[in-house]
């Protein structure tokens with residue numbers, strides 16, 4: 001070994017002994033993630049952990065980029081903000097080369113609200129965190145800051161004894177702790193989840209662990225889904241999203257499927273408030289509406305009403321772990337229930353998922369009593385028993401499961417009827433006016449595409465009705481049950497609307513059968529070389545099936561009478 005190499009090795013060892021090696025054994029990140037990344041959780045440094053996470057995060061084979069249907073669509077102007085890693089390019093103006101303070105000065109004039117929000121943020125006030133006293137309920141933030149600085153030292157972005165002065169524009173939009181100037185037309189980036197993960201490694205790793213723990217026993221959903229970690233992948237791998245030419249409509253879906261790409265859906269820029277993200281309203285923008293009305297169901301539940309009535313008395317700044325004990329919280333919130341897993345609070349919100357919102361997905365209901373599902377049910381019981389007895393919790397969760405299965409059975413009966421019509425070729429226009437959907441979608445019955453694309457009689461009205469019964473009404477029934485909103489699964493939403501859809505489907509099916517019987521009767525009569533207008537026998541004047549047959553028969557009899565009168569006069 002050469003002397004120079006030997007000296008460098010000696011100095012490195014000495015440095016490590018002096019400052020100690022920081023390991024990233026993050027207790028809230030499950031073993032499955034360390035295994036998937038091929039890391040030893042007891043030895044991996046923050047740098048090694050971060051690099052392994054980012055390598056997977058940016059790998060097209062693991063969901064990055066345009067996806068497998070990328071040839072069928074092109075980004076529009078707004079797309080650069082939906083998936084910055086793939087599409088964002090720095091602006092061509094202003095042609096400025098600026099340092100840290102210049103960003104704030106310029107944007108105070110150009111985008112003043114951004115700057116005001118940032119000045120209120122923890123990012124802009126790190127010394128306030130350092131000065132917190134141990135009896136302050138926010139004291140935990142001091143430990144978080146120290147963890148962030150240790151991460152940055154491991155990554156070589158902060159000196160051994162250096163502290164982070166602030167997190168300003170240049171840190172997120174160029175590079176953390178950048179000392180020199182940046183070219184506005186070359187160096188600017190739009191922050192993505194891995195940008196935030198540079199400092200917030202724990203939270204990034206927790207969120208990314210959804211890929212490893214959301215694995216269904218029989219492949220009911222693709223691995224890692226549904227989740228925040230792969231919600232953009234789920235979006236662009238949806239056939240109709242890639243197929244539809246109305247790209248502005250498609251990007252409406254994207255706007256709620258960008259948690260994979262960035263963190264500001266929950267932590268709004270440029271304040272990035274943890275307190276804001278703990279409030280139920282932070283979830284409402286996306287977890288609402290006709291196919292997943294979680295917000296509506298929660299707010300109309302007793303849980304939601306308690307939160308609404310008492311929220312002004314709660315300290316939203318305390319960490320979730322302390323919300324009930326130190327923050328005055330006395331009712332569940334979205335975060336309190338869904339971010340909790342067996343006593344820990346993390347950004348992995350899928351470890352208790354059992355129904356995944358859509359009970360009609362093949363294999364979901366069949367799996368609900370499996371050991372996999374029962375273990376997750378037990379984890380939910382632990383969540384619920386923070387406020388309820390175990391007997392009550394298990395009783396209610398049993399009601400939820402069985403109520404969902406009852407709704408599923410109602411849908412399945414209706415779906416079987418419409419599917420038979422499809423197989424028989426008797427849906428409206430099925431043989432005469434049913435254009436194929438745009439590529440890459442393939443023709444089929446009751447496919448998700450038909451909620452967002454239509455042409456001619458594709459889909460038929462009954463086909464769309466039973467599809468909405470599954471995607472919307474059954475989903476809302478389950479959500480109402482899961483969020484303890486009685487009207488949300490019995491009357492206003494769920495069972496009531498499903499019952500109406502069922503009745504309408506049965507009505508149309510019966511009319512179709514009667515019309516078919518009428519057609520068969522007419523065909524039979526024509527086969528006797530007898531015109532319908534020449535009916536004479538009483539047996540041939542019987543009802544031919546429903547209103548249509550009756551009207552046709554009445555018209556025929558009137559014409560027969562007219563012919564007889566004409567013959568008599570002649």
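One-based numbering along the chain as shown.
Keep in mind that glycine also has a Cβ here, set from the backbone N, Cα and C atoms.
Binding of heme c 1 is annotated in Swiss-Prot for 103, 106, 107; the matching candidate from 23, 184, 200 at the same site is 184.
Heme c 2 binds 169, 172, 173 as Swiss-Prot records it, and from the list 62, 270, 287, 292 the residue named for this site is 270. The annotation in Swiss-Prot ties 283, 286, 287 to heme c 6, and of the candidates under consideration, 228, 303, the one tied to the same site is 228. Listed in sequence order, 231, 265, 285, 286 are the same-chain residues six or more apart from residue 256 (heme c 4 binding site) with CB atoms under 8 A from its CB.
Each of the binding-site residues 107, 123 was scored by how many other Cβ atoms lie within 10 Å of its Cβ, and the smallest score goes to 107. Annotated pair residue 107 (heme c 1 binding site) and residue 169 (heme c 2 binding site), C-alpha to C-alpha distance, rounded: 10 Å. Residue 283 (heme c 6 binding site) has its Cα within 10 Å of the Cα of these binding-site residues: 266, 334, taken from 106, 266, 292, 334, 347, 388. Under the three-state DSSP scheme, residue 483 (heme c 7 binding site) falls in the coil class. Around the Cβ of residue 283 (heme c 6 binding site), the number of neighbouring Cβ atoms within 10 Å comes to 20. Comparing CA positions across the binding-site residues 257, 266, 347, the one lying closest to residue 173 (heme c 2 binding site) turns out to be 266.
If you check the binding-site residues 103, 228, 257, 387 against residue 347 (heme c 5 binding site), the ones with a Cα inside 10 Å of its Cα are 228.
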